[in-house]
Amino acid sequence: MLRVVSWNINGIRSPQQGVVHEEANCTTIDMGRILDKLDADIVCLQETKVTRDVLTEPLAIIEGYNSYFSFSRNRSGYSGVATFCKDSATPVAAEEGLSGLFATQNGDVGCYGNMDEFTQEELRALDSEGRALLTQHKIRTWDGKEKTLTLINVYCPHATPGKPERLAFKMQFYRLLQIRAEALLAAGSHVIILGDLNTAHRPIDHWDASNLEYFEEDPGRKWMDGLLSNLSCQAGSHVGPFIDSFRCFQPKQEGAFTCWSTVTGARHLNYGSRIDYVLGDRTLVIDTFQTSFLLPEMVGSDHCPVGAVLSVSSVPAKQCPPLCTRFLPEFAGTQLKILHFLVRLKQDPVFKQSALPLSNQTQVQMRQNKARVRSARPRPSQAGSTRGQKQLMSYFQSSSSRLQASSNLEHPSLGTLVAAKTPEDKVMAKVVEGQAKASEVKNEKEVPTSFWKSVLGGPLPMPLCKGHREPCVMRTVKKPGPNLGRQFYMCARPQGPPTDPSSRCNFFLWSRPS
């Protein structure tokens, strides 16, 4: 069996909830525990948000795995994908990008198809954000035949509202992905496209699809309609080159989402969408796929892992492709360090012997100098008689002495007012006097506290939402526009369907400027 898993990890260097170790240096343990928890032969990660200059060895080199990274060349801490393969599933080839512009002609996957509709600048821009990584494997089917399987790990662009150029960029990326996948199929390789496609295909894959305007007319959904086969058995239904493996096994399962908003806490009420997929070519899915699954219990990101199990065995390559991170100079031990340019100086034995008496003579001279300094210092009695430098503490008066003086002047001791005739009266008088002193000290502390409270005021109480009569939460507008940076109040409950009374109500109130 071959188990493949895909997960948008939302930052490979960020602490992972549920897999954090209590030790101080736990980066290696965390990455290893993530892979162990996913328990897959091939793990594809998206949105790693790491560039080569900040990639550390504990994140890249994991015992029992060989890893491959594609980095964003435009921005740091942005995009990026990575593939971790067990040594038993070592690929025979690996390549970064879809266009072939970053290919090194050594250990590449090849089969690029006709890309004449793109310019060289467009191809370079599409591959410069580190959104695609290909690994090619040898597999053995149940009847003993060896075949080629190519995995395309992708993190497709998001079409930011109000930015039509990003929608055009997303559709170009989709088109380039389809050209490359179909070229690999034409060359005789099986193909799996897995990762974050950033599009919910059907209304069943989006919680609020009925309230979205022109849901079916979205360009990304239309592209997926052409790429995927219609699983219905109706005559004349579209037959695309790929199959959505999850809907193949779970065609009517509702609430099967893979992405939720962390800002609104939508995961608590499962108010999300399914935008992460494992797409396989028709023959591969029909003949070898055993199951396709989601892992919503795996936390640590705004996405959950998705995966599939194939009834094939992997035939590992004898050595890793050149793109493997263990061959990078910084991890292979071939990168020169500054210590290599420094030579340890060997001390001459003759100089060592001549330096010994010199050091003894120097020590004796230093002791004599210290003795002269001690004899020249004034003694405490002499220093007190002369006019010396005042200490900083001499300008301050002890707060306890001021408290004692003020208490003696303003509040006479209650002990003098109580006539203690019997031992019981004496004990009671001491108790009363101790309580009085404690209250005096408490009052002295409360005076400055109340003063600063009157000056600073403190935060105003949160308004109550009208739906639940509960304290609201304050948010800040981050969308560019006239209200950018302005604060407002809204219901603090997690986002959910409007029909759920436990979800967030529609309360909204602008915050008044202070």
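Every residue gets a Cβ built from N, Cα and C, even glycine.
Taken from TrEMBL, the feature Mg(2+) binding site applies to Asn8, Glu47, Asp196, Asn198, Asp302, His303. According to TrEMBL, the active site annotation covers Tyr155. Feature annotation from TrEMBL assigns active site, proton donor/acceptor to Asp196. Residues or ranges marked as site 'Transition state stabilizer' in TrEMBL: Asn198. The site 'Important for catalytic activity' annotation in TrEMBL covers Asp276. The active site, proton acceptor annotation in TrEMBL covers His303. The site 'Interaction with DNA substrate' feature in TrEMBL is assigned to His303. Annotation comment: TrEMBL describes 370-390 as region 'Disordered'. TrEMBL lists 465-514 with the feature domain 'GRF-type'.
Other Cβ atoms within 10 Å of the Cβ of Asp302 (Mg(2+) binding site), summed over all protein chains shown, number 18. Other residues of the chain with a Cβ within 8 Å of the Cβ centroid of Asn8, Glu47, Asp196, Asn198, Asp302, His303, the Mg(2+) site, are Asn10, Gln46, Tyr155, Cys259, Ile275, Asp276, Ser301. Within 10 Å of the Cβ of Asp196 (Mg(2+) binding site) there are 27 other Cβ atoms, across all protein chains. Per-residue pLDDT, averaged along the domain 'GRF-type' (465-514), amounts to 88 for this model.
Using a 10 Å Cβ-Cβ cutoff, Glu47 (Mg(2+) binding site) registers 24 neighbours.
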